[in-house]
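According to TrEMBL:
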{"type": "DOMAIN", "residues": "8-333", "note": "domain 'FAD dependent oxidoreductase'"}
{"type": "BINDING", "residues": "T50, S51", "note": "FAD binding site"}
{"type": "BINDING", "residues": "Y231, R294, G323", "note": "D-dopa binding site"}
Amino acid sequence: MSAQQTQDIAIVGAGVIGLTTAWILCDFGLGPRIKVIAKHTPEDRSVDYTSPWAGANFCSISSGDEKALRWDRITYNRLAYLANTRKESGVVFADLRELWDYDPNLEKIRSWSSYVKDFKTIPKEELPENCLYGHTGTTFLINVPQYLNFIHSILNDSGVTFVKEEIKHINDVLQFVPNPTVVFNCPGVWASTLGGVEDPDVYPTRGHVVCVDAPHIKETRIRNGTNSDTYIIPRPFNGGVVLGGFMQKGNWDREIHPEDTQDILKRTAALMPELFQHQGPEAAKIIYEAVGFRPSRNGGARVELDTLPGTKFPLIHDYGASGTGYQAGYGMAFDSVMLSLPLIKFA
Ligand SMILES: Cc1cc2nc3c(=O)[nH]c(=O)nc-3n(C[C@H](O)[C@H](O)[C@H](O)COP(=O)(O)OP(=O)(O)OC[C@H]3O[C@@H](n4cnc5c(N)ncnc54)[C@H](O)[C@@H]3O)c2cc1C
Ligand SMILES: O=C(O)C(=O)CO
């Protein structure tokens, strides 16, 4: 049987969601049967490819709904396994300090306090001015390029095939996998425009990050503000420190604006004075800056079984992770693979 015929599992998308989906399928020995069709792969840098621009950390940015909390928890355990046993993945344990200028979602705090290691509420008297709530705990920091390359190399070693192509319609996957047992749809924010999907609930939440050289910073700190989040995310293994940010819903502006850069530097210096050795934002040594579009979705991420339009082939949607593709992505991919297993012949 030719290689083309054995490939019966198609995945659209090679961001952290598509790659993680393939990774879990490889754990079932399905690598040689998988073909990933993607315009961008981990070596690419583009404003249209969100995954490389993430911090990434594990914080309580996710929503408070039961699915999001479940995906966070599953992924927390997976990241702990990687931090403990696979240092080359670029995942490490890290101290998190998170502050809110408004009352946080209590469901999320309750869920977090039940599993996040060393979880502690910050006593009110220790909170900075105008801050209503804060907590600390042990979560994770991820060197994002290293993590994406780590997964990519596992997939290559497991026999997964990659095709660098942009498809106009979801049914175009049939050009690459003519008789799929299952198709996974992981296009990120482009689920909004991909033919046959065109999800009206998907929209970009525009972010802007400034990566600086500050190797003395080891803690990740976030302040959830009423009109913007401010965060400091050191990437382990000399990955620089990712500073943010903005959460601009529905904003497709691809440009970097210098006034926004200054705003991020000012806010992060105030949040963590030691960031620039107490010399203020003018002392910042910028490595790079980037704009990214978080794939957000009204109603939360979509992990759902469907069928390719006008065919009998099963389609599993897995997109809409918004600001949580790293901290919830394994949980989302796990659920999407669980939906596929009854469809896949192993004998
Ligand atoms: C500034 C910023 C900071 C962030 N920080 C964090 C963080 O600290 N922690 C965290 O958990 N998350 C964070 N995120 C969120 C995280 O980056 C996203 O949730 C995640 O990257 C989404 O991954 P994805 O695979 O869905 O999308 P993408 O990475 O965009 O991948 C989509 C894939 O689909 C392909 N594709 C799309 N359309 C087509 C088509 N028509 N034909 C072929 N291929 C197609 C693309 O080429 C790409 O391969 C951050 C995001 C931003 C912008
Ligand atoms: O900016 C984001 O989306 C984040 O998750 C930062 O913590």
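Cβ atoms here come from the backbone N, Cα and C positions, even for glycine.
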When distances run from the Cα of T50 (FAD binding site) to each of the binding-site residues Y231, R294, G323, the nearest one: R294
Binding-site residues near ligand 2 among T50, S51, G323 (Cβ under 6 Å): G323
Within the predicted model, mean pLDDT of the domain 'FAD dependent oxidoreductase' (8-333): 97
Those residues of the chain, 6+ apart, with a Cβ under 8 Å from that of G323 (D-dopa binding site): I61, S62, T205, G207, M247, R294, S296
Contacting binding-site residues, sequence order - T50, S51, Y231, R294, G323 vs ligand 1, Cβ under 6 Å: T50, S51, R294, G323
Greatest inter-residue Cα distance in Å for the D-dopa-binding set Y231, R294, G323: 16
Any further residue of that chain within 8 Å (Cβ to the Cβ centroid of Y231, R294, G323) of the recorded D-dopa site: A54, G55, I61, T205, G207, D229, G244, G245, M247, S322, T324
Other C-beta atoms that fall within 10 angstroms of the C-beta of Y231 (D-dopa binding site): 24
Cα-to-Cα gap, Y231 (D-dopa binding site) vs S51 (FAD binding site), nearest whole Å: 17
